[in-house]
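**Student:** Submitted below is the structure of interest, expressed as structure tokens.
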Amino acid sequence: MSDNDTIVAQATPPGRGGVGILRISGLKAREVAETVLGKLPKPRYADYLPFKDADGSVLDQGIALWFPGPNSFTGEDVLELQGHGGPVILDLLLKRILTIPGLRIARPGEFSERAFLNDKLDLAQAEAIADLIDASSEQAARSALNSLQGAFSARVNHLVEALTHLRIYVEAAIDFPDEEIDFLSDGKIEAQLNDVIADLDAVRAEARQGSLLREGMKVVIAGRPNAGKSSLLNALAGREAAIVTDIAGTTRDVLREHIHIDGMPLHIIDTAGLREASDEVERIGIERAWQEIEQADRVLFMVDGTTTDAVDPAEIWPEFIARLPAKLPITVVRNKADITGETLGMSEVNGHALIRLSARTGEGVDVLRNHLKQSMGFDTNMEGGFLARRRHLQALEQAAEHLQQGKAQLLGAWAGELLAEELRLAQQNLSEITGEFTSDDLLGRIFSSFCIGK
């Protein structure tokens, strides 16, 4: 297998459909056109032609599109054959194409990888293709499209350019120490550095919003048996996702629902009631419940309001609170307000949000929805936003750390060499986002998660 091979893959989903598309990219795409079509179509024009087998018989008839490189998606010669979407027809056509020497099936994401390697798009834009396909909401799709069009990359490139200018200024101060003007102490470098840090903080904030849109928030409903956890899952999901009975311990395994609140994706997880297990099946369910709790972004601590008047989680169940991860946010949900007569709504107790509601009737559930949205700091009115991945957030965080360390060197010791090194490392972190400095292993992992024909 060579990167110089001409590759072919189906660009439409598998199965039956009105249209099926095969995409070919590489040096032999021209030969494929002349062999299968009998001619080379006019560049960037739709040509309705028969697709022929080796013996000259017609396999299908459809539209052929020819994009000579470098003016194509991949930067190479690209041929698209758009025929009927029957799997048998597409398979016959694919087999015919693969009889031509030098052609092979594309790896997942290889078309996008070649576009990246040929400078047709940067790494953040390439990732946006997969994010656009996988978008689970309208807002996520719009943000992915913004990233594909270069919104995220433009912000990162602006930071890289600012760091380049700053590094030139610092290097000049180091190389010409005998000049009358002390560049390091006259305040200009500090002012420029503060501007870059402020711009980076703004990009980090937008990237966190983009990560929320892409990754979603994992919320685990936990508590004792029969507290109403499954009823709350159903209320949030808007359907009967979980079985609800008066029998304690009805939920034995983890139940997952994916919902959206004003465009924000939420992964709601209902868990088995936490208690001393009565059998092996329940023990496994409780063990899985704790695994989910430890990986959660937030826990909804479900309390049966008819069993206690306490509102402080440490008073309600100290052993449960003691076992939770130290920094895990908790929302106390006092359920069955329709029975206890408690006033619906949200308050605060010991630094934790407290919400009184009735999962059975749905009263107060909207308060919980708004609380979940606000707790993540999600801005539903965000215009021109972009999607971001965890690796993007990590790169931005590392760049911010290097800039802060560089500032400390500047203010503490006027150490120009150390400041220059921190600026270089910050610039390298930012360049990893767009792929200017990225390891081959990381590129392989990123593109292998794509669809075959992308």
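Heads up, the Cβ atoms here are built off N, Cα and C, so glycines get one too.
For Arg23, Glu80, Lys120, Lys454, the entry in Swiss-Prot reads (6S)-5-formyl-5,6,7,8-tetrahydrofolate binding site. Annotation source Swiss-Prot lists domain 'TrmE-type G' at 216-377. What Swiss-Prot lists as K(+) binding site is Asn226, Thr245, Ile247, Thr250, and the listing cites sequence analysis. The feature GTP binding site is assigned by Swiss-Prot to 226-231, 245-251, 270-273, 335-338, 358-360. The Mg(2+) binding site feature in Swiss-Prot is assigned to Ser230, Thr251.
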**Student:** Which whole-number value in Å describes the distance between the Cα atoms of Asn226 (K(+) binding site) and Ala272 (GTP binding site)?
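**Tutor:** Answer for this pair: 10 Å between alpha carbons.
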**Student:** Taking every protein chain shown into account, which of the binding-site residues Arg23, Lys336 has the largest tally of Cβ atoms within 10 Å of its Cβ?
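**Tutor:** Checking each of Arg23, Lys336, the winner is Arg23.
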**Student:** Going by DSSP, is Ser230 (Mg(2+) binding site) part of a helix, a strand, or coil?
**Tutor:** helix
**Student:** Could you say whether, by DSSP, Ala272 (GTP binding site) belongs to a helix, a strand or a coil region?
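**Tutor:** Its secondary structure by DSSP: coil.
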**Student:** In whole Å, how far does the CA atom of Glu80 ((6S)-5-formyl-5,6,7,8-tetrahydrofolate binding site) lie from that of Ser230 (Mg(2+) binding site)?
**Tutor:** 50
**Student:** How many Å separate the Cα atoms of Lys120 ((6S)-5-formyl-5,6,7,8-tetrahydrofolate binding site) and Ser230 (Mg(2+) binding site)?
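**Tutor:** Distance (Cα to Cα, whole Å): 49 Å.
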**Student:** Once the DSSP letters are reduced so that anything not helix or strand counts as coil, what is Glu80 ((6S)-5-formyl-5,6,7,8-tetrahydrofolate binding site)?
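**Tutor:** DSSP call for Glu80 ((6S)-5-formyl-5,6,7,8-tetrahydrofolate binding site): strand.
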**Student:** For the domain 'TrmE-type G' (216-377), would you mind checking the mean pLDDT of the predicted model?
**Tutor:** 84
**Student:** Counting other Cβ atoms within 10 Å, pick out the least crowded of the binding-site residues Asn226, Lys229, Ser230.
**Tutor:** Asn226
**Student:** Which residues, sitting 6 or more apart from Ser358 (GTP binding site) on the same chain, put a CB under 8 Å from its CB?
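**Tutor:** Sequence-distant Cβ neighbours: Asn335, Lys336, Ala337, Asp338, Ile339, Leu344, Gly364.
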**Student:** Express the distance between the Cα positions of Lys229 (GTP binding site) and Arg23 ((6S)-5-formyl-5,6,7,8-tetrahydrofolate binding site) as a whole number of Å.
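**Tutor:** Here the two Cα atoms lie 49 Å apart.
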**Student:** Can you give me the Cα-Cα distance between Ala272 (GTP binding site) and Arg23 ((6S)-5-formyl-5,6,7,8-tetrahydrofolate binding site) in Å, rounded to a whole number?
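**Tutor:** Between the alpha carbons of Ala272 (GTP binding site) and Arg23 ((6S)-5-formyl-5,6,7,8-tetrahydrofolate binding site) there are 48 Å.
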